[in-house]
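Visitor: So that we are looking at the same thing, I have put the structure below in structure tokens.
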Amino acid sequence: MAVNLVLSFALAILISSSPTAVGVDATEELKEAVLTLDAGNFSEVVAKHPFIVVKFYAPWCGHCKQLAPEYEKAASILRKNELPVVLAKVDAYDERNKELKDKYGVYSYPTIKIMKNGGSDVRGYGGPREADGIVEYLKRQVGPASLKLESAEEAAHSVVDKGVILVGVFPEFAGMEYENFMVVAEKMRADYDFFHTSDASILPRGDQSVKGPIVRLFKPFDELFVDSEDFGKDALEKFIEVSGFPMVVTYDADPTNHKFLERYYSTPSAKAMLFVSFGDDRIESFKSQIHEAARKFSGNNISFLIGDVADADRVFQYFGLRESDVPLLFMIASTGKYLNPTMDPDQIIPWLKQYIGTSCPLISNYGNLTPYVKSEPIPKVNDQPVKVVVADNIDDIVFNSGKNVLLEFYAPWCGHCRKFAPILEEIAVSLQDDQDIVIAKMDGTANDIPTDFTVEGYPTIYFYSSSGNLLSYDGARTAEEIISFINENRGPKAGAAAAVDEKTQIDAVEEEDTDGLYTAYNRDY
């Protein structure tokens, strides 16, 4: 079966159950630095604040727990700011808040949104995750969109090697170029820092004699700075997005890389991910080769990443990768997933040529890579009422068994799954004497899920009939309802199916048997 591609995994934490959040009223919200919002009060509270920051979290999320005290400390400071900044939170896994989660595109935890003008202007938060950094970042968001630089000292302090910095150079702070720069600065300020000056000589890099108008983009990667003289609003935005994105994204603990990772995983392209220990004595060779690969294969719709294995534990767990295979190059593409373990730097480009040949065999002599599938081991004994399905046996148990199969996708940490487990067991015991029905379960966190199935949460239940119909089950999670659903949608029993097939074959022969010889033979013998 095809591999289910999940491209937003790097910043996401898999879904689990959570306790129901308690709504708050206007009186309660004043008692805490971080306001607690839910579906009942969200619109009212957001509408009355011209600038509010909302953290969408899950109670079980380790990163959310780590952020919580920093977020609370920042809220205490910012509420006393000259221009007060309000910080709030929403339990995004509370079922009652599902519409809020969907509306604001919350696919990973924590997700932070900046909401302005009563919620009519919503932007992502691209700042630090510690209290001081949160405070500094958000103060900038409520101040001017672009700050004026007047000295080399100010420029040196502002144009630092952390993130992407835009500086507009203008002979005078007026005119179409300056106005468009300010409009774009206001629009993109959540992701980038903007400054303007009339003196290019104070800037740390680039031609210091220019008078402008120009926009100089500083960045801590690739060529370090790029200039543009196109001040059309759309052109300026595109220049920032393209030039401000690294050729090779870095996956590590640095929060300034988070916005690059979010864009990396949301871009519709194949993903080439090199994971290596950044303490490896060959790290510079690995960096050099992955950058060369990014330049060489820029026209093949591949996005590149280099990650420090020390910070990639969730990635490895999610994909079933092993640290013993590091350095490894992992590829996610529409044709599947591919893995090259324990590799040397000079193997990167040849292996990518093989991948390109695998994905486009008509244009290359390469193309012998075998797709990688994450799977738990096939159970040696599988004799319990509820059968265990893994990626390596799903074809045998579900698609090729000729039986009616009810399959639950679950997560070990999911409270709803634990609650459903005895019900699934009851169904399996009730139907265990029916040889044409299989009740099964699959750990969706430990196995690749075929694209035949859409699994957006746990538990997710599907039914595959012996006649080949695949149905999702969205009814009540009771044994009675599910058994009724199975009986209503099951295919013919194996014996009945065989009889039907035999009769069909006989009828077909009889139609061609003009002399009646086959009919007589079948009747007599």
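Counting starts with 1 at the first residue shown.
Even glycines carry a Cβ here, placed using N, Cα and C.
Sequence annotations record features per position, and here TrEMBL assigns signal peptide to 1-23. The domain 'Thioredoxin' annotation in TrEMBL covers 24-143, 364-491. Under the heading disulfide bond, TrEMBL lists C61-C64, C414-C417.
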Visitor: Taking just the CA atoms, what is the gap between C414 (disulfide bond) and C64 (disulfide bond) in Å?
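Guide: For C414 (disulfide bond) versus C64 (disulfide bond), the Cα atoms are 17 Å apart.
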Visitor: Average pLDDT across the domain 'Thioredoxin' (24-143)?
Guide: 86
Visitor: What whole-number Å value do you get for the CA-CA distance of C64 (disulfide bond) and C417 (disulfide bond)?
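Guide: Spelling it out, the Cα of C64 (disulfide bond) and the Cα of C417 (disulfide bond) are 22 Å apart.
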Visitor: Between C61 (disulfide bond) and C417 (disulfide bond), what C-alpha distance do you get in Å?
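Guide: C61 (disulfide bond) and C417 (disulfide bond) have their Cα atoms 18 Å apart.
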Visitor: For C64 (disulfide bond), list the number of other Cβ atoms lying within 10 Å of its Cβ atom.
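Guide: Other Cβ atoms found within 10 Å: 21.
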Visitor: Compile a sequence-ordered list of residues in the same chain as C417 (disulfide bond), six or more apart from it, whose Cβ lies below 8 A from its Cβ; state 'none' when nothing qualifies.
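Guide: Listed in sequence order: E408, Y410, A411, Y458, P459.
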